[in-house]
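First up is the structure itself, then whatever we jot down about it.
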Amino acid sequence: MTTRLDRLVVLLDSGSTSVVRETAAKQIGDIQKVHPDELYNLLGRVVPYLKSKNWDTRVAAAKAIGGIVENVPVWNPNRTSPVKKEETEDLPSFNGDTEEKPFIKTEEGAPASSQSQVVVSSNLTSNSEVSKLEEERLSTRSHSQEIKPIVDFGPDEETAKELNTELKGKFENSLLSFESFDIANVLKAGKKLLGSASRDYDVNPANYSTHYLQQLSNLKSRLDLAGEYLDDSIMNDLGDNVGSNSKGSPTTSIPEHKTSINNNKPEDTPTPSENVHLSARQRNALKRKARQMKNSQKVRVIDVAPTLVHQQNSTSSADKKTGADYNFTAQSRSDRLVVEHKAPIVPSAAVAVTSDSVWPFETLVELLLIDMFDPSWEIRHGACMGLREIIRYAGFGYGRVVGKSEAENEQLNKKYFDDLLCRIACVFALDRFGDYLADQVVAPIRESVSQVLGVALIYVPNDSVFSMYKVLHSLVFQNELGLTNTVWEAAHGGMLGIKYLVAVKYPLFFSHSDYLDSLINTVIHGLANHDDDVRAVSALTLLPIADKLVQEKLSSCKNLLKVLWDCLDDVKDDLSSSTSCVMDLLSSLCSFTEVMNLMQETANSDPEFSFETLVPRLFHLMRYTLTGVRRSVVYALTKFISVQTSCSWITGLTLRLCFQNVLLEQQEDISKSSCELAQRVMDILYRDGPESFSKLLYSHIEPMLKVSITPIGSFRRPYPLDTTLIVKPSGQPYAPSTSRERNNNISELSNSRTKHRAKDDPKGSFCFSVDEPMLNGDVEFVGEERMLKARLRASSLLGRIIGRWKRDEILLFFKPFLQACLTSSFSTPVVLGSRLIESFFEVEDNDLTIQKDELYHLLCDQFATVPRENYANLVSQLHVVRAQCNALLNTFLDVGRLSRSKIPSLAVVVKGDPEAGPIAFGIADAEKLVGPTYENLCKLLSPSQKAQSSKALNEIKYLIIDEISIYKIAKERQDIQCSASIASAMVTYDKLPKKLNSIIKGIMESIKKEQFSCLQMHSASAMMKLISACYKESRQVISEKIVRNLCAYVCMDTTETPIFHDSGKNGILSLHSIGTSDDNDEQVSGKLVDDSDDVSNDRKSSLSSVSDKDAAVLQRMGAQLTLQQMAQNFGSSLFSRVPVLSQCLFVPLQQYAESGFPSEVDQASCTVGQDLLDAMSILRFLVAYLDSGLQSEIVSTLPHLLATLQSNYSAVRNMASKCFAAITESNAAGSKALHLLVEDVVPLLGDASSTIHRQGAIECIYHVVQRLGVRILPYILYLIIPLLGRMSDADQDVRVLATTSFATLVKLVPLEAGLPDPPDLPQYLLDSREKERKFLEQMLNPSKVEAFSIPVPISADLRKYQQEGVNWLAFLNKYELHGILCDDMGLGKTLQTICIVASDHYNRQKLFEESGSPKFAHVPSLIVCPSTLAGHWQQELSTYAPFLKVSAYVGPPAERAKIRSKMKKSDVVVTSYDICRNDVDELVKIDWNYCVLDEGHVIKNARAKLTKAVKSLRSYHRLILSGTPIQNNVLELWSLFDFLMPGFLGTEKTFQERFVRPIAASRDAKSSSKERERGTLALEAIHKQVLPFMLRRLKEDVLADLPPKIIQDYYCDMSDLQRKLLNDFVSQLNINEELEDDETEKTQGTRKKKSQKAHIFQALQYMRKLCNHPALILTEKHPKRNAIVKQLAKENSGLHDLKHAPKLTALGQLLRDCGLGNSSVNSNGIDSALTNAVSEHRVLIFCQLKDMLDMVEKDLLQATMPDVTYMRLDGSVEPTKRQEAVTKFNNDPSIDVLLLTTHVGGLGLNLTGADTVIFVEHDWNPMRDLQAMDRAHRIGQKKVVNVYRLITRGCLEEKIMGLQRFKMNVASTVVNQQNAGLSSIGTDQILDLFNTTADEQQTVQNIDKEESEDAAGRGLSGTSKKALEGLPEMWDESQYDEFNLDGFISTLPKDAS
């Protein structure tokens, strides 16, 4: 059974997001708070995930451990039992036991005895009693989840205790201490810790203790501590223990924890103690097997308990007397009780418990300390994080023991922590693993172990802190250790340790000035280190204490500041990552006034230390290669400005450099920060007024203006920036690098780590390659929008500069420039100039009115000139068009052979060229050429010329047409950008012209068609300003028209807003666009065609092509942005300021809710339906931006939306669902909408009377779930149960969305319990949620499900397993689920079915009487079975439930017609499959309660007419009975579940892809390992998915009193005649094949294939008959029959002689062995047949063929055994009389033999009168044979059943047996013992299995992807391919956020003790 804990633990690894993982980790910790006794159970489950290969999994596991440990009370042995110092001498040193046995409490508080189960109380629970819940958990825990001991001491407790104490003492003596620790020796001789491990480190999980001690021993060599720091005798003893298997040697057992459902366990491998007498070969074999077991298990539960106690296996005498060997099952009648034997209970393993004497985490910490030195970096990383969490919360108890005084425990605590600190130092010294992907190296292990150090320092005394500091200091100053070659990784680790040490213990340094001075010197030394990463960490070390340093040690800052400035001045490496860290420290220090004063004092004596000298050193880093450095420079300069009152270092050059930063920067955040920095610089420069400002910038403004308006070209023709207009920090113009220099820079970039770099060019001339793409105008590399965005920001900055310029010079200097921009032949200067003017307008200064008016008129003048005829930046495209036109004319000349005089000439110059005149080539010329000119020239061609040249001419013509289209689209884009930019600038001035049409059109065109989001958003903002201005000036008519058009544009995108008249009424529209999200707008391709101004009503025609649809998306996005900006800016006054918007949104909804649709709504002229869709669509996009003050308007709309959800139109339901989901996500009315969802929408799911209502409700829930994600958690309980019922809905669309929604919610169920209640949830909903939670718990935990009490008297006594079967059927009934009861043959499936059907009919009748609801009205149930069993069902129903009205719908058509009128009044109708197929039209008219398919595997063929007929039946509950649900392949299972729950296993195609194909491929002998793996995984997956819906019990498991069934194969050798016939047939077959090969070469492939199939089938049939009897094939048609008969006659023999049929001979012998046919005369002369009227054995003889039965009857029984009495049951017996024959055979013991065909007698019949079954023939389908043999082996059988299978050796039958074995394997894998009952079936699995259903499409895609990858990898060699497969994925840099020092410090506990 999978518990909530299991699912939470799995989420640590499988959680889709970090939020889900963290929530799961938190809730695991909360479990520890509620159940403190679960400590080791929780830790044992979580700890294995620390070794995961996945980073996020390890982090989540560490957080879970932290949550667990945090909720464990602080372990303080002296708090509860203080011990005086003088008393400690007599106490043991390890566990402190004062008695011989651990302190044990029984349940009643009495002393524990061997007769009772014990539960041990730990010190964690103080004096509280262990709860009964814990006792139940320990006693009922399943075998796979038992917690096993970490150390098993064997039977001798005293020896165990001594060894435990001895080991503890040795461990204590082996602890490292600072007094003897030599870090230099570790550095010199220690083994390096690299990134990965080899196979040599594989650990056998069954022998973990050996690995544990071996790893402990390995530390001696790894750390090179031989003889110096560990006692040799101790290590030798440990080594001896590792290698020996002595009695006292501790062993470790790690139980297997499987996340899959399968409980089948591999055979136990012998423990080391059992291996003593094994040979070397046997031991190696066991090792290999153990390694395979290790590789096969994903997660193992590790027991981390320090001690254990064994559970006693013996039971009390009371238990023995009360019938421990029996099951008691109460019956529906209170006076009945069934008593059954039960199998003996296997005693559970030892239960681990805690000891009062040991810190609870001791064992786990020891394991993690060993893992900290594991060769694999992932394991080291996980171990460090685990240690960090344990020490963080529980470090106080580390090393302490009970029985020691407080002082002694303090010493032990110090001793253990000193050992930990020494080990941490060793990791710093030896770790070499680092990630070089980011700007600076990140060393996960060194960072993580630094955090362990940080938490450990909380608990250690000061002397240990200083000792650790000295060790870390030595790692930094390695030259002091005498090392010739320093190790930068060790120095890096040392500095990391110091960084965390300082962060945690900084007060200690400030109280010891000598250590503080040493710290500063260490940092300065680190800053001078040649390694860049050491410098970076050194700078970060002082960053957290910069304020304290300034306050306490200001004098020491002087040297530090000098070093920091020197570091910045000395940057020569273009990849120096430490620069940003140095910059951060410097800016932090300089943010203090004291430091600035200190620098000023220093500057007075040393001018080189002034800011005017120092700050310019930063300027050359503004365009540094590394992003982090550029970001830090901007941040530092901003900090400097904010703290300085006088910034003398700020000049005009400073502003220009900031401007250039904006112009060239590609990173969005740095660009924005640069704008802010430039604004601050501008403000400082403007302090002395406009005149001073202008003077400072006079020499800079012109180049800034010129460079900012550089046109943006295309990838065909870029326009580079004029580098002479860009200056370096020195003030010199930027000199572009030569090609040689660029190549050098590129080669340097390729070296990610360069420790020693030669001197570069002098400062100021160094050329960084980061800006080359921007400088070169490389649009293809940078992207046109990114480049434009930078230019626009620069232009806005220039506008603000002009706004501060000297007033009388603004127009004089800047108007000509701006006029040139607006009249430029390029489009870019127009856009940028307009933006500059707009920015100028935004400067608030009344003195600028005249200048603004002048520039406004300039805009008005230029606005009239747009659009222009052409743009210079499109000249290159026009040249391309001209070249293509010229090629077309040349084709007419060369290919068409026209004379040159007839061909027109083209102008050489194109429009836009500098020398172009009025007759220059333009796009109109090109259009004319491919139009009338082309037609005229074609007419001049002769027919032969046309034939020769038409193809070439058409190709070039269409090329020209394409180029024209490209040019026109580009031209239109430039027109829109220019007109929108000018119009937006005009609107900003707040002075609207009288005529607004052109302005509105310019901005609206940009909103509709602009592809660049920055321009579209700007136009949206301008339109918002325009609307606001119109309302201010009382021009509402204009603004209302604009708003209505915007609303119409929002709805133009038919992918988001459907067309009302195109949508039908049935179905769910979301299923047609389930992959469409609301956030896919970025994928718009941008091919624009539509340029109409008006909103077209005919959307379908205007949006027909792909490009038109993309244009509609752009329209929708632009209009959406505008409305959203309006909502954000207008706030709560939105609807009062823009009342027309309120009308568009709410009026259509209100009208529909009040009166519905008018009758003419379906007419094309009626727009009511479309208006409603549009209103909901707009509200959907707008609601998230509405102010919370508008909540009342939105809440009042919710009831209207509820009405639309129940609309008859699918489009209305679709939009209502999306709109409702959007409201649930909004702040305005989200909680109210969710309340409505629970109260009103969810009940619609259960409306059986209306499919429309269910479709609307499920569509709404689907969209809410998809939108809210994790935020749906508080409401998940209201949804999960209703969705579960709808997953088997009669409507396919409802099923699909219910399953999809369920699959999304099911992953969140484990997280629900730990969440607080929403603050605004009404009390009645809270109460309802508690009921739902209780309901869900019953479903998830089968132990909490109440046993189903059968409310009707059943005339039979149910066995225990039958009652459990009825419970399972009741469970399905309760949750509206359906299933397969596939118990073994003979276990009473019929009886269990009758019980649930009768009970449900009774319950429905009772509910109908109480409520009168039509939902519970009487409806009959239908039993469909094979015709043979129809009578059997009638008999069983009349026997067990005589109160049910049963109608048998069987017989000829006339009789059936009479019964039809009675069927609806009957309780149960029994019919056959044949009748169901023929009369399906009558049966589908009735709604059935239960539809039961007996032997339901007959519908295995999904395409059969019978199957389709059965699946068309309608019923509330569906049940299949089948002892063999899978007979040949798993595809049959799909057909069965397609009847039960259509869609549950996906479509047949996806099922084939996911399951059938991989399983079939894995059978192939040539299959690869990956294919075999896929096959295995597919079998496991299908098993997991169908598990909860299939109940399977085997007779041997549930019937202890059922005698055994013995199956024996009886081999027969072929007779001479058979062998001769076989050889002749094979020879003839080979000859025929040769002849056919020659003939079929002339025939078609399909005919050949069909003939071959028929040929093979005939051959198989021939050989099958030959195995049975030669007479079966030697018919009258056989060509050799006469010759063989004559030959036999000569030998006095015949075809029917038994010697020719060895099977009949063997059958006769078997019958005689059974005592049949042995007629003889005894001594009294009396025939023995008369003496023994009844034989001891009775026999069933099965054959496949009726002809074979005839031969058995005539040739054997009648001819040679006349005294054997027999009956016969085959197809010749009428179905209605077959049950009568069965009854007669069972009741008359004088009948010796029953002859049957497998087809007729092998299904459903009870033939327990026989005890011997003989198969003369065998079925290809093994399940048919199994069913046949179980006719005798079933309930009621008192004798051992012997089954004999007659097999002809060396022939086809042996192959049939082999095929049967494979099919049995597949069937047993899918349906196995996990389907045994509610407890093992795991009803909770319902919440897991639908993940597969929801993701099936993705799975198919993954399979295809894997196959394509396999195909791609086939070209690689074996080694290369393995290496490629072994490469892990790159991890995300955001994972390193956990190494943030500030975040770490914030998590440290406030109180360490």
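Please read every residue number as a count from 1 along the shown chain.
In case you wondered, yes, glycine gets a Cβ from its N, Cα and C as well.
Swiss-Prot lists Asp1383, Asp1384, Met1385, Gly1386, Leu1387, Gly1388, Lys1389, Thr1390 with the feature ATP binding site. Cβ contacts within 10 Å of Asp1384 (ATP binding site), excluding its own Cβ and spanning all protein chains shown: 21.
According to Swiss-Prot, the compositional bias 'Basic and acidic residues' annotation covers 98-108 (among others).
The compositional bias 'Low complexity' feature in Swiss-Prot is assigned to 113-130.
Taken from Swiss-Prot, the feature compositional bias 'Basic and acidic residues' covers 131-141 (among others).
The compositional bias 'Polar residues' annotation in Swiss-Prot covers 242-276.
Annotation source Swiss-Prot lists phosphoserine at Ser144.
Residues or ranges marked as region 'Disordered' in Swiss-Prot: 79-141 (among others).
Swiss-Prot lists 240-278 (among others) with the feature region 'Disordered'.
Here Swiss-Prot flags 730-762 (among others) as region 'Disordered'.
Annotation comment: Swiss-Prot describes 1078-1103 (among others) as region 'Disordered'.
Taken from Swiss-Prot, the feature region 'Disordered' applies to 1901-1920 (among others).
Look at the repeat 'HEAT 1' (36-74): DSSP puts its residues at 32 helix, 0 strand, 7 coil. For 36-74, the entry in Swiss-Prot reads repeat 'HEAT 1'.
The DSSP breakdown of the repeat 'HEAT 2' (358-396), given as helix, strand and coil counts, is 30 helix, 1 strand, 8 coil. Residues or ranges marked as repeat 'HEAT 2' by Swiss-Prot: 358-396.
The repeat 'HEAT 3' annotation in Swiss-Prot covers 513-551. As a summary of secondary structure, the repeat 'HEAT 3' (513-551) carries 35 helix, 0 strand, 4 coil according to DSSP.
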> Within 10 Å of the Cβ of Gly1388 (ATP binding site), how many other Cβ atoms can be counted across all chains shown?
Replying inline: 21
>> Restricting to the chain of Thr1390 (ATP binding site) and a gap of 6 or more, list residues whose Cβ falls under 8 Å of its Cβ, or answer none.
In response: His1432, Trp1433, Glu1436, Asp1494, Leu1521
> If you average the pLDDT over the repeat 'HEAT 1' (36-74), what number do you get?
Replying inline: 90
> Using DSSP and three states only, what is Gly1386 (ATP binding site)?
Replying inline: coil
> Asp1383 (ATP binding site) has how many other Cβ neighbours within 10 Å of its own Cβ?
Replying inline: 24
> Once Asp1383, Asp1384, Met1385, Gly1386, Leu1387, Gly1388, Lys1389, Thr1390 are set aside, which residues in the chain still have Cβ within 8 Å of the Cβ centroid of the ATP site?
Replying inline: Gly1523, Arg1834, Ile1835
> So what sits near Gly1386 (ATP binding site) in its own chain, CB-to-CB under 8 Å and at least six residues off in sequence?
Replying inline: Lys1595, Asn1806, Asp1830, His1833, Arg1834, Ile1835, Gln1837
